[in-house]
Amino acid sequence: MFSKSVTLAQYDPDLAAAIAQEDRRQQDHVELIASENYVSCAVMEAQGSQLTNKYAEGYPAKRYYGGCEYVDIVEQLAIDRVKELFGAAYANVQPHSGSQANQAVYASVLKPGDTILGMSLAHGGHLTHGASVNISGKLYNAVTYGLDENEVLDYAEVERLALEHKPKMIVAGASAYALQIDWAKFREIADKVGAYLFVDMAHYAGLVAGGEYPNPVPFCDFVTTTTHKTLRGPRGGVILCRDNTHEKALNSSIFPSLQGGPLMHVIAAKAVAFKEALQPEFKQYAKQVKINAAVMAEELVKRGLRIVSGRTESHVFLVDLQPMKITGKAAEAALGKAHITVNKNAIPNDPEKPFVTSGIRIGSAAMTTRGFNETDARVLSNLVADVLANPEDEANLAKVCGQVTALCDKYPVYGN
C-alpha cells in the first residue's frame, strides 16, 4: 500500500533535490527558448494524477480494456475542446509528441518512396519535414524549399518544385521562421499538382488559438501541433482536420500502428490547457507574445544586431551573429552565465556546424507567461545586446545577471 503522507523529498531526496534546483533555475533565469513555456498548476495537477495508472488502448467507447468509463470522459473533453479551439471537425489527442503526430499523418496516406515537399531544415524547417537524418527523410523522397534572397519564404520556389516533382504531399510550417506563412497560397500550389497539404503549426498554435496568427485548419487536409510551446500545455501532440475524410486512417496510424496505450494523464493535462486557451485572457496573452517579440527584435536592431528576415510577425526570431564574430554556441553560453536562456540556432546558409551555428533563436512565449510587457521586453533585449557586445567580460556578465535577477524577482513564475 502506498502512503499519501510520504513525500518525494522523503523517499528520493536526490531526485527531489534535482527537481528543486530546476525549479530555482526556472525562477531565476529568463526563458527565451522559443519552444519552451510554463504550464499552469492545474495542468501539472492533471498530469500528476492517478490517470497515469490507467491503460486505455483504443478510443473513447471503443477500448480494448475494461474500466475506461472515466478516462473516456477525459479524452472526449480534450477532443471537444481542441476542435472548438481551432474550428476542426476531427481531432486525435493521443500522439505522445508532435513528431509522432507528423509520422501518423505521413503513414495515413503515403507509401514509402512517395515524394514530399517540405521546408529545408537549413532554412528554418523541422527535422520531421523530410530532413535526411529523420525517419521522414529516410522513408520518403524528400524535396525541400527555402527562403528567397530577402529571407522570406520563397513561394515561387515552392510552386516550381511542386510542378517539377509532383509531390504527393506538401508540408508547410517551420521551427525557426519569424514571418507569417500564407496557408492559402500553399493550398493553391497543392491543388495545382493534386497534392495533400499538411501544416505543422507546432510553433504557432498558441498564436492561432489567440487569433494572432492565421489558422491553417480551413486550408489543409492535415494539421498537427505540439501542445506545449505557445499553446502552453503539457508536452504532447495533436492531429486536426477540417473534415472527417481521413479519420479512420489517422486513428489507426496512431493506434495500433505507431503507439500502444495513450497517456491518459497527459491527455487530461491537454484538456486543461485547451480550456485555458479558450478563455478571453488567452487572447490577451497571445497578443502580448507578439508585441514582446516585435519589441525585442526592433530593439536588437537598434543595438546593431541583424535579425533574419528583418523582423518578426510571430513569437520567434533568429539573430545572425556573424557580423559580431561570435558563434551561437558561445553566445548561448555567455547569455546563460547572465541567466538568460536561449538556444544556438543555424541561420540560412550557415557555414558553421549544427552544434556551433552562427545564430541564436529567441522566443517570447515563456517570458510573456511570467507577465513581461513591452517595457520589460525592451529592457531585456538591451541586456541581451550588452552580453553579446562583451561575451567574455565576466564583470559585464555579472552586472547583467544582477539586472536579470531583479526582473525575475518582479515576475515569479508561480507566485509565492
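Positions of Cβ are set from backbone N, Cα and C atoms, glycine also.
Cβ environment of G125 ((6S)-5,6,7,8-tetrahydrofolate binding site): G118, M119, A131, T144, G173, A174, S175 lie under 8 Å away, each six or more residues apart in the same chain. Residues or ranges marked as (6S)-5,6,7,8-tetrahydrofolate binding site in Swiss-Prot: L121, G125, H126, L127.
Spatially close to K229 (N6-(pyridoxal phosphate)lysine) yet at least six residues away along the chain are A34, S35, E36, N37, A202, H203, A205, G206, A365, judged by Cβ distances under 8 angstroms. In the three-state DSSP reading, K229 (N6-(pyridoxal phosphate)lysine) counts as helix. Here Swiss-Prot flags K229 as N6-(pyridoxal phosphate)lysine, drawing on sequence analysis.
Positions annotated as site 'Plays an important role in substrate specificity' by Swiss-Prot, on the basis of sequence analysis: H228.
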Candidate with sparsest Cβ neighbourhood (10 Å radius) among L121, L127, the listed binding-site residues:
L127
H228 (site 'Plays an important role in substrate specificity') and L127 ((6S)-5,6,7,8-tetrahydrofolate binding site), Cα-Cα, nearest whole angstrom
18
Write out, in the order they occur in the sequence, the residues of the chain not among L121, G125, H126, L127 that have a C-beta within 8 Å of the mean position of the C-beta atoms of the recorded (6S)-5,6,7,8-tetrahydrofolate site.
G118, M119, S120, G124, T128, H129, G130, A131, N134, A174, S175
H228 (site 'Plays an important role in substrate specificity') to L121 ((6S)-5,6,7,8-tetrahydrofolate binding site) - Cα separation in whole Å
21
Other than its own, how many Cβ atoms are within 10 Å of the Cβ belonging to H126 ((6S)-5,6,7,8-tetrahydrofolate binding site)?
23
When a 10 Å sphere is centred on the Cβ of H228 (site 'Plays an important role in substrate specificity'), how many other Cβ atoms does it contain?
26
